[in-house]
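Chemist: Swiss-Prot lists Tyr35, Tyr170, Gln174 with the feature L-tyrosine binding site. The ATP binding site annotation in Swiss-Prot covers Lys234. The annotation domain 'S4 RNA-binding' is assigned in Swiss-Prot to 353-419. The annotation motif ''HIGH' region' is assigned in Swiss-Prot to 40-49. As annotated by Swiss-Prot, motif ''KMSKS' region' applies to 231-235.
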Amino acid sequence: MTDIVDELKWRGLVALSTDEDALRKAFADGPVTFYCGFDPTAPSLHLGNLVQILTMRRIQQAGNRPLGLVGGATGLIGDPKPNSERTLNSREVVAEWVERLRAQIAPLLDFEGPNAAIMVNNLDWTQGLSAIEFLRDVGKYFRVNKMIAKEAVSRRLNSDAGISYTEFSYQILQGMDFLELYRRYGCTLQTGGSDQWGNLTSGTDLIHRAEPDAVVHALGTPLITKADGTKFGKTESGTIWLDPEMTTPYAFYQFWLNADDRDVSKFLRIFSFKSHEEIEELEKQTEERPQARAAQRALAEELTTLVHGADQTAAVIAASKALFGQGELTELDEATLAAALSELPHVKVAEPAPVVDLFAEVALVASKSAARRTIKEGGAYVNNVKVAAEDAVPAKEDLLHGRWLVLRRGKKNLAAVEVTGG
């Protein structure tokens, strides 16, 4: 079996480690019980979180036991943001978000077998803790000079916003999580993003002080960057969430399908569970025939299936093909069609209007005269049917599910019209 540290490094998933050689030995002697934490600071996880979940999945598949921690306690506080204090959410909201995050993490881990995953909530060991117990049993192991030196804290201390004692103490709570999981489950490794390195090492430092004989580790994954300099996991429409109500499966699929050729190799290694040979073959195809987008299609299908399931993925692929004239729009169910069209430029009209008006209104062309030229040149389509006449007006019978028209200029320029009249 491939050494899991070598595997993670090949995939570009190792940025920082407390002691790589010691960690490698721990895995060799294994199994290792490890954890990664997720704070409920939003009602859904996002692609940055997905990196961590899939890293957990890889380490579990190598024979180790994952603990998925959802921070019912740390989520009530929040780790320090770079420039300002967080707005505290109510206990009720945080409790609801805890359950939503648990439901998103659980399908991606294996909860059966000898190394079955376990979900934990740090509220379980903090809510009954008195202030005196916290200060005597945990706080005494932390040194303020080291806490101040953590990047997240020092940055805030040097800003106009400053930092509250609440957020300053966040690293103590996260360190306490590692200690508690070490004592309860024999957990000896915490994984997380390299931007959380200060919090990760708070845990290892605490354990070294409280349990001097313990051997524990931290592993940090790198910040994912994109070749064009834009932030990973965001589009013009906003953050890519795992919750299908916040980011549709269609938009999720399209995010990966639209990956830059310069990024797709990195994304395959980080997110895909394909073998080295399969990934290298897709990399070769991208280099030789980039227009085929074979790597992007493979990545989009695999990840959409992982997060949203095979049925949703099949519907999304059918919608994607149909929108570009490679399938029947009439065969798409209303929910799938509506989700796909919501990602396109679109307008609402009371009644079907002349095609030239619709093309201009939705900005597929610059003007009505440009729309007429497009029709004359054979480049205008409504519901994948070429528009033959410059004065064409869609009939109500043409509306998909009684309300939608899909406009296309050429092969790739799409827009939607929603007809709202009865």
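Using the three backbone atoms N, Cα and C, a Cβ is placed for every residue, glycine included.
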Chemist: For the L-tyrosine site as recorded (Tyr35, Tyr170, Gln174), determine the largest distance between any two Cα atoms, in Å, rounded to the nearest integer.
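Modeler: Between the outermost Cα atoms of Tyr35, Tyr170, Gln174, the distance is 18 Å.
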Chemist: Based on DSSP, name the secondary structure state of Tyr35 (L-tyrosine binding site): helix, strand or coil.
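Modeler: Assignment for Tyr35 (L-tyrosine binding site) reads strand.
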Chemist: Between Tyr35 (L-tyrosine binding site) and the residue listed as 'ATP binding site', how far is it from one CA atom to the other, in Å?
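Modeler: Here the two Cα atoms are 26 Å apart.
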Chemist: What three-state secondary structure does DSSP assign to Lys234 (ATP binding site)?
Modeler: strand
Chemist: Looking at Cβ-Cβ distances, which residues of the chain lie under 8 angstroms from Tyr170 (L-tyrosine binding site) while being 6 or more apart from it?
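Modeler: Residues satisfying the criterion: Thr74, Ile77, Gly78, Asp79, Pro80, Asn199.
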Chemist: Among the binding-site residues listed here, Tyr35, Gln174, which has the most company in the form of other Cβ atoms within 10 Å of its Cβ?
Modeler: Gln174
Chemist: Roughly how many Å separate the Cα of Lys234 (ATP binding site) from that of Gln174 (L-tyrosine binding site), to the nearest whole number?
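Modeler: Checking the Cα atoms of Lys234 (ATP binding site) and Gln174 (L-tyrosine binding site) gives a distance of 27 Å.
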Chemist: Give me the DSSP three-state residue breakdown of the domain 'S4 RNA-binding' (353-419), ordered helix, strand, coil.
Modeler: 19 helix, 19 strand, 29 coil
Chemist: Within the motif ''KMSKS' region' (231-235) only, compute the mean pLDDT.
Modeler: 85
